[in-house]
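**Q** Okay, here's the structure, questions in a sec.
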Amino acid sequence: MGSNCRLLNPTFAIFDGEVRSDGSMDRLRTAPFALSAESLGGAVIVNSSALHVHDNNTSELPRSLDDYFPSLEDDVGNNNSLLLNNESYTEIASFYDLLINHSDIKMRDDILRYTTPVIIVIGNLSNLMALFVLRRKKLRKNSVCFYMCAYAMANLFILNLMLGVAWFCFTFNKIYVTNLTDWSCRLWSFITNVVTYSGIWFVVAMNIDRLLYTTSRTSSKLRCSVFSAKAAVLAIMTGLIVVSIHAMWTFELQPHGCYVPFYQEDIHILIWPWWSATVYTYLPLFLIIAITVVHLIVLCIYHVRRVDTVQSADNTDSFVITVIVVSASFFILAIPATVTNILDIHMPSSWLSVDLVARMELTKKITEILSSLNHVLFGMQLMVCSREFRQELVALLRMIFCCIASKRKFKVFEMRQVSNCEENSIHRQGDYQLCNNNDDTTTTI
């Protein structure tokens with residue numbers, strides 16, 4: 001995830017060209033084509049020239065072109081990355097004004113402004129519920145529950161660290177983290193890539209875990225242990241760190257955002273975005289759909305043979321169906337954003353116009369919201385699909401209510417004890433006075 005301008009980087013690729021009389025624009029053919037991975041839920045953004053890992057959540061356009069081209073007229077001819085003259089600057093400004101005032105762009109910003117808080121709140125409640133229940137004594141002995149806990153943690157980081165910070169910067173017109181300094185650009189790009197794409201690999205890991213559990217009844221306890229799950233999670237995080245570490249020296253803070261400069265004619269610069277996109281998105285999405293299909297075929301074969309291996313007396317586990325549902329929904333919700341952004345970058349240059357760019361940006365924002373639902377629905381999917389999860393959730397709620405009720409009863413009992421003590425002290429004082437009055441006549445009493 002990168003700059004605080006979700007639209008400007010695609011339009012900057014458009015700005016790197018010449019405005020036609022019909023309002024369309026032609027991109028520079030000299031800029032190398034590159035691909036970079038989008039951050040939410042495995043969605044892929046591909047972008048020309050900018051080589052930029054876009055921020056999925058901040059969709060604000062700069063207030064003027066001077067925000068991203070502060071000294072454009074002074075630097076004409078000095079900066080190879082901005083091949084613009086005064087005349088083209090005026091034409092670009094006109095194109096920009098039409099774009100920023102377009103109804104689709106305004107609708108996209110409204111969707112971002114009002115939908116993101118709802119996603120963050122519901123997603124936090126859903127994932128916290130999943131995390132607390134999955135860490136109960138009975139479930140934490142299950143290897144797939146460890147993967148699910150890791151996935152819930154990744155969702156919480158994405159919702160609060162990525163979506164939350166981005167929404168705050170967009171709503172209150174603050175500078176996004178990647179645009180503060182050069183080192184924050186590099187460090188934040190590295191952190192966001194590691195945290196964001198860990199979730200999709202945790203889904204792949206839990207798929208493999210349940211497939212091994214389903215197909216091998218005898219050795220499932222050895223292969224699907226909590227220790228092996230911890231080792232797999234550690235391997236996933238290590239691999240993502242290795243793949244993402246290149247952001248520390250390839251990303252740079254430019255006047256128009258935090259990205260890998262396209263003017264760096266280095267084979268390393270050209271290879272890493274493709275390699276990152278494959279590791280971040282293409283490979284895990286392929287593994288998710290492939291393993292899910294294989295898992296469904298195995299379950300169908302067992303059902304036909306009437307071999308109840310999933311819910312037998314020895315191997316009772318309702319998380320098999322849960323993992324299939326989570327994986328299928330993850331793929332269905334993530335693939336529209338991936339396809340939309342690939343189509344966006346492969347769109348012919350002759351098609352580019354204000355209406356098309358605005359409509360494409362609105363479409364990408366809608367598909368990104370769909371992709372964000374993966375971080376929201378996890379706890380609900382567990383509650384609907386897993387019998388064991390529901391049982392532990394009921395037990396957890398019962399324990400909480402019992403603790404609250406017992407505290408109230410204890411307070412009432414304590415108050416009664418205090419009141420009884422006060423009454424006893426009064427009686428004792430009265431008896432003591434009667435004893436001291438034994439010298440008086442009984443009539444005075």
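First residue shown is number 1, and so on along the chain.
Yeah, the Cβs are placed from backbone N, Cα and C, and that goes for glycine too.
For reference, TrEMBL lists these features for the protein:
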DOMAIN    126-378  domain 'G-protein coupled receptors family 1 profile'
TRANSMEM  111-134  transmembrane segment
TRANSMEM  146-167  transmembrane segment
TRANSMEM  187-208  transmembrane segment
TRANSMEM  229-249  transmembrane segment
TRANSMEM  282-304  transmembrane segment
TRANSMEM  316-339  transmembrane segment
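So where do these features actually land, and what's packed around them?
**A** Mean pLDDT for the domain 'G-protein coupled receptors family 1 profile' (126-378) in this predicted model: 86.
Nonlocal intrachain contacts for the transmembrane segment (111-134), taken as residues 6+ away from its ends with a CB within less than 8 angstroms of a stretch CB, comprise 57-59, 140, 145, 148-149, 152-153, 155-156, 159-160, 163-164, 166-167, 170-171, 362, 365-366, 369, 372-373, 375-380, 382-383, 389, 392-393, 396.
With a threshold of 8 Å between CB atoms, the same-chain residues lying at least 6 positions outside the transmembrane segment (282-304) that come near it are 42, 44, 197, 200-201, 203-204, 207-208, 210-211, 214-215, 310, 320, 323-324, 327-328, 330-331, 334-335, 338.
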**Q** Six or more residues out from either end of the transmembrane segment (229-249), which same-chain residues have a Cβ under 8 Å from its Cβ atoms?
**A** 53, 143-144, 146-147, 150, 186-187, 189-190, 193-194, 197-198, 201-202, 205, 209, 268, 272, 275-276, 279-280
